[in-house]
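Notes to accompany the following structure.
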């Protein structure tokens, strides 16, 4: 789950991590009141969306008076911001962060992720702040400093100092501030079950202070059951509507760009199914794992989600019955076809627990459902059917 910048900074404040004074607003008049509360005569207006690249897309603006402020907020609210990280529709702008300006002398990058290889939290720092860290990693990986955290003892102050001096910094007052910031970020990361934390940029002001100018936080979805405060921060308007619908039925769904819908039980089999579709000349429209405890109702809802994608021209159902019974899957398929009125080809491959019974139910249903003879045949059949439609 992703947080907005204003939500991320709210958390940073709780951990005594310095951020600029700011207020989130939902209408132009509130922006003027927010500016008066913040003080000063110049402010930064930031569109709140779950995507990077806002500045280049016009979503971050410097305003020099309250008339400009009100105009900028009015121009952004209610629009959809398209950046290099969004699709062509962009993300809806429903909130604006009004923030005090900062006297920036230097920009740095600071971040933390869970490294899958070492199975530990890794903190990263770079002198290349204010730009996409992915580009830095690609072009100049040597400019990214890393420290790996031992979970038995946690982040140690000497590791913070390693990063500090590695950035070419020397001032002792800044070293103490930097150490406090990194230690606070580590506590935030571990206590709130984060999967990603980025401060980009971490700025050094003209007076030598360190301030977190922007913040990005991702939370581990599997930990939301014990993070009630963070769970309430979820903004479903920023998420794909199909994925939101799938979460309500405990379905693992990820939308892709192809035109062949996939419904599979098991993440590994789902990925293999998508691979085989590609090898057969097709393009999968989604990843959808109904899980090992699929019910008739969940299968029906899975079909609804798949066909709600207007790009889908055919559906491949690939089920290996272990825990899940193939006859239950067949019941769900029949129910979905009747309820939703599916008018695209459906190819089904059933193997394992009650596969013969499931195949018989599909055959006796009288519906135009194509039974596949095997895994490879299923992929070839659906690619062929979609090709005929195209």
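From the backbone N, Cα and C atoms, a Cβ is placed for every residue, glycine too.
Owing to the predicted nature of the structure, the values given are computational and were not obtained by experimental measurement.
Summarising the environment of residue 102 (ATP binding site), the number of other Cβ atoms within 10 Å of its Cβ, over all protein chains shown, is 16. Taken from Swiss-Prot, the feature ATP binding site covers 46, 53, 54, 55, 99, 102, 107.
Cβ environment of residue 214 (Mg(2+) binding site): 5, 199, 200, 201 lie under 8 Å away, each six or more residues apart in the same chain. Residues or ranges marked as Mg(2+) binding site by Swiss-Prot: 200, 214.
The number of other Cβ atoms within 10 Å of the Cβ belonging to residue 323 (substrate binding site), over all protein chains shown, comes to 12. Taken from Swiss-Prot, the feature substrate binding site covers 265, 322, 323, 324.
In the predicted model, the domain 'ATP-grasp' (9-245) shows an average pLDDT of 94. Taken from Swiss-Prot, the feature domain 'ATP-grasp' covers 9-245.
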For residue 323 (substrate binding site), the one of 53, 55, 99, 102, 107 that lies nearest, given that the binding-site residues are compared by Cα: 53
Residues that sit under 8 angstroms from residue 53 (ATP binding site) by C-beta distance, when 6+ apart in the chain: 83, 84, 85, 132
Cα-Cα distance linking residue 54 (ATP binding site) and residue 324 (substrate binding site), given in Å to the nearest integer: 45
Cβ-based isolation winner (fewest other Cβ atoms within 10 Å) among the binding-site residues 107, 322: 322
Around the Cβ of residue 55 (ATP binding site), the count of other Cβ atoms that are within 10 Å: 14
Taking residues 46, 53, 54, 55, 99, 102, 107, which bind ATP in the record, the widest Cα spacing (Å, whole number): 20
Where residue 107 (ATP binding site) falls in three-state DSSP terms: strand
